[in-house]
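Annotated features, as they stand in TrEMBL:
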| type | residues | note |
| --- | --- | --- |
| BINDING | B:Lys7, B:Tyr8, B:Gly9, B:Gly10, B:Thr173, B:Asp174, B:Tyr179, B:Arg184, B:Lys209, B:Val210 | ATP binding site |
| BINDING | B:Thr47, B:Glu74 | substrate binding site |
| DOMAIN | B:264-338 | domain 'ACT' |
| DOMAIN | B:344-410 | domain 'ACT' |
There are 2 protein chains.
Amino acid sequence: MALVVQKYGGTSVGTVERIRNVARRVAKTYDEGNDVVVIVSAMAGETNRLVALTREICEFPNEREYDVVVSTGEQVTIGLLAMCLQSMGYAAKSYLGSQIPVRTDAVHAKARIDSIDDARVRHDLDAGSIIIVAGFQGIDPDGNITTLGRGGSDTSAVAMAAALKADVCEIYTDVDGVYTTDPRIVDNASKIEKISYDEMLEMASLGAKVLQIRSVEFAKKYGVVIHVRSSFNDHQGTLVTKEDADMETVLVSGIAYNKDEAKISVLGVPDKPGIASQLFTPLAHANITVDMIIQNVSSDGITDMTFTVPKGDYRKALQIVGESAREIGAAEVRSDEAISKISIIGVGMRSHSGVASKMFQVLAQEGVNIQMISTSEIKVSCIIDAKYTELAVRVLHEAFGLGAEDVQQE
Amino acid sequence: MALVVQKYGGTSVGTVERIRNVARRVAKTYDEGNDVVVIVSAMAGETNRLVALTREICEFPNEREYDVVVSTGEQVTIGLLAMCLQSMGYAAKSYLGSQIPVRTDAVHAKARIDSIDDARVRHDLDAGSIIIVAGFQGIDPDGNITTLGRGGSDTSAVAMAAALKADVCEIYTDVDGVYTTDPRIVDNASKIEKISYDEMLEMASLGAKVLQIRSVEFAKKYGVVIHVRSSFNDHQGTLVTKEDADMETVLVSGIAYNKDEAKISVLGVPDKPGIASQLFTPLAHANITVDMIIQNVSSDGITDMTFTVPKGDYRKALQIVGESAREIGAAEVRSDEAISKISIIGVGMRSHSGVASKMFQVLAQEGVNIQMISTSEIKVSCIIDAKYTELAVRVLHEAFGLGAEDVQQE
């Protein structure tokens, strides 16, 4: 007998019929002798409807009241799922974030979880009940409703699993698990059976949208084992867990790509202390997240600076950088929206050399020019021309033997 | 400067544009120097949508979870109204029933308010804030969400006004106030300026649907002055308040009618102790509310019993009564759905005789036969053939001088 936390996203509970399907899965897990705690999102489309209502009232709604409105989406789902289980003859009880309580800070619309009280849930579990908890929401120290921001239900689930010391946190989604790369690009992309937290974090932030980054950080911090799987079949999914010896034998676990960045270059910058700060501080003040930054070796006291920003902030960033460039006496600003970031990820890289050079070689063979490079212990990212994205993902996937037919071990 | 509690129903907050309209009214009251607490219902149609969702899940949803789902309707409205006021530059703050808290018993779907804590609201009022409170909902002693049943927002408003010792509780609706009778039947039905709690209770339970009965009972118990008025204009509405000398000079305040009852007669009943109990206990067990009951004087040890039940329970009642009638050896059961109850109401009746006989006389003059009569201190009700409903209302309205052109004083 185990304690299982399950999380079902908006698509999995998008209709009454799908809520029934979720109830059957939950009941099955319970019937197998497990204690079950279920975290649910709002029914698909509901959060968008509520957000649209707030925007109709005013462009920048007060965030406390925004949270009051949008948190109702999950509240409807927990009630419906609990009554569905009861109508099937199971003891089930719903909980709002405020009832658990899930305590958060007071940053409305993107609150962080401080603590979760497990007393009421544990009491009801001991009494044989299935517990249904509203994801995405909590309560601040003054008793105000808070929400965790989009996708926050994953974090709710992992935090609940941590608080209850659950054996596993199953995140149900509409795909079978985490894949070696995007199956829409590579036909034989294969499901990863086991992936480390760090790899998953790189995968998530590099464009694979299966799990919220914050939930993975939370899982890593508290050692929660996540099982990513589909709510539409019974296949074994992907385990996200702490690194083990097995994982290191795999050089590259996955290929990620991200087309949502744009590149800005400031050329002919006088190379003196404080230049980088003068360039990037105004961007930070404008809340623009700069991703990759590359500064060339200086020649004759003149250097170049290139960096990437989210495409959504591109126009604004360009304007800010234009002003900064004039102030610091830079020669020219160039920019390019048609770029893509391709990354190879794997904890095995730590102990094996030659992975990066193999990546560069593979791309070169296909005539793909590398514009920028950035590396960490467990990943290598290259900025390339956007039009080569699919080609690059395909040849790298092939070169590192990630296809479903291949077995890549050393 | 006064403390004003305002309640806006579902129609008044049915669209974003109407919520803006309500916000302007609230702001105006605040600008006039008043402390303002606003109670709102769910946007029109929203509660029905939520109830329909629960019925799709199962026919008889668990009531705890039903309350979790349907209470979200008011939650959305309070957030939207609060953010609307804030966007207009006013300090405003929303409260759920659980945040006030509004403490109720644990009878889900039709809870009764036990107490309201006024500390947080008073603190925020003192700080200059407009307070927006979700109607219809509360929290039971174990922290579960409860709802007060359909129309419960009126009761929320009156209870809040009582707790805060507000100067007035304004109930906004889509009509100008309480009328002497249904204006759809009588063209010159006139708005009542002031009506006593007891009269209003009779008006409400006899078919005038402006105010929830429970809210009037609550207002009477705690001496809350209710002002029923329209949210679409600035006309003075109807004050519902404790009886005063003025009111007694008015013989009849209003004419009510109710077409939602049916009549059942059990004829040839052996007149011995326990017969009434044998007839009505099974109906009570089936949760059927019996309204008027009339037992004729016995002749030769045989009597007749006639009573009315809600039309919705008519078939079921007829079946139950059929069985009971056989058991007690009654001769025959007759029934009639085509009936209507006409009532004249007025506290002046207490001190004036001849009101009932005038009613009978007026009906007789029009050839309307009276099938049953029931009286209380302040009302007389007659069951008549349904087809005479409008005629009876019109002639009684005329006879008691209730029209807008008339002034009825003694």
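Every residue, even glycine, has its Cβ placed from backbone N, Cα and C.
TrEMBL: automatically predicted annotations, no manual curation.
Positions of the features from TrEMBL, shown on the structure.
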residue: B:Lys7; record: ATP binding site; Cβ neighbours (10 Å): 29
residue: B:Gly9; record: ATP binding site; Cβ neighbours (10 Å): 22
residue: B:Thr47; record: substrate binding site; Cβ neighbours (10 Å): 21
residue: B:Glu74; record: substrate binding site; Cβ neighbours (10 Å): 31
residue: B:Thr173; record: ATP binding site; Cβ neighbours (10 Å): 22
residue: B:Tyr179; record: ATP binding site; Cβ neighbours (10 Å): 22
residue: B:Lys209; record: ATP binding site; Cβ neighbours (10 Å): 11
Tally of helix, strand and coil residues over the domain 'ACT' (B:344-410) according to DSSP? 30 helix, 16 strand, 21 coil
Do you know offhand how many angstrom separate B:Thr173 (ATP binding site) and B:Thr47 (substrate binding site) by C-alpha? 17
Reported mean pLDDT - the domain 'ACT' (B:264-338): 90
To the nearest Å, how far is the Cα of B:Lys209 (ATP binding site) from the Cα of B:Thr47 (substrate binding site)? 18
Looking only at the domain 'ACT' (B:264-338), how are its residues distributed among DSSP helix, strand and coil? 29 helix, 25 strand, 21 coil
Assigned element (helix, strand, coil) containing B:Tyr179 (ATP binding site), judged by DSSP: strand
Which value in Å gives the longest Cα to Cα span across the ATP site residues B:Lys7, B:Tyr8, B:Gly9, B:Gly10, B:Thr173, B:Asp174, B:Tyr179, B:Arg184, B:Lys209, B:Val210 as recorded? 25
Mapped DSSP class for B:Thr173 (ATP binding site), helix or strand or coil: strand
